[in-house]
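S.K.: Take a look at the following structure, please.
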């Protein structure tokens, strides 16, 4: 007897759990790079997020009268939690990641029926809710720890997240008192803030002299471009393993690069297109978030259109909006368009007459 089950169904012999584990593995280079440059807060936020996500998913599935272990074993909720944890500031208060994870799991996934039913990327739902609700906590980034006179230890990181103070009683601001205050933002934040008050090309050289951009005098936006390169390497690995398709990340990056390059010819406005590609969450979003098989387009042409749309939205938000990054908003806005994209890009069924022919 065959047992009939509802969608989503697994194809190509790849179990969902195996795919999720491959994606998590591909994120590890960026994960450890982020720890190297920004400290143990990344590790603690990830542990908090994964623990909260598992508990929330367990309760939600239990309330629906199903067996939680059958769903938790696919590791999808762990991946969602890890993506969210790596997207927020490493030393944000503990309640930020807990609230964000609950929103991601419950409002972004379970409210629609679970894995395969959600129209929006759950991690980005949680991230956007946090960004809108707690802008101060979500935009206060510690500079790379090698710029600090006293980098926080594991105990300091734990204490900062849960009490706001290190074990010696210092706040995050006090730890960075010897560095220009603008370094508590990301390079994209710094560039946008600086540009609003300086619009001359000569002023740009003053911007890149700031510690967050030059550090020891050789690194551009140190920490950030290394993390983006690590995400790029992990993304290429997933493409080679056929876990994700190349169309979405390539279309997204090429679209953004072309628009950013064209803008550069109109006059000095922002960082170069290359600098934009290795700053913020560009590579993270292109290879690990936009490629979510549940919320992205499923047709070959649709993937290209979807990726290009994400790249367009990122460009519009970064260059003409108030948010310096915009990857999360771009992906959610593009998720809205997926049903329409898939409808008009469905491959013609063999033997089915084309439009206008009988």
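Heads up, the Cβ atoms here are built off N, Cα and C, so glycines get one too.
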S.K.: In Swiss-Prot, one of 19-39, 103-123 is tagged transmembrane segment. Which stretch would that be?
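M.R.: Result: 19-39 is the stretch Swiss-Prot calls transmembrane segment.
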S.K.: Sequence-remote contacts (6 or more beyond its ends) of the transmembrane segment (248-268), Cβ cut-off under 8 Å?
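M.R.: Same-chain contacts beyond the ends: 199-201, 204, 235, 239, 276-277, 282, 285-287, 290-291, 296-297, 303-308, 310-312, 314-315, 319.
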S.K.: By Cβ distance under 8 Å, which residues at least 6 away from the ends of the transmembrane segment (79-99) in the same chain are close to it?
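M.R.: For the transmembrane segment (79-99), the far contacts come to 20, 23-24, 27, 30-31, 34, 38-39, 41-42, 45-46, 48-50, 52-54, 105, 108-109, 122-123, 126-127, 129-130, 133-134, 137-142, 152, 157, 160-162, 164, 172, 281, 284, 288-289, 328.
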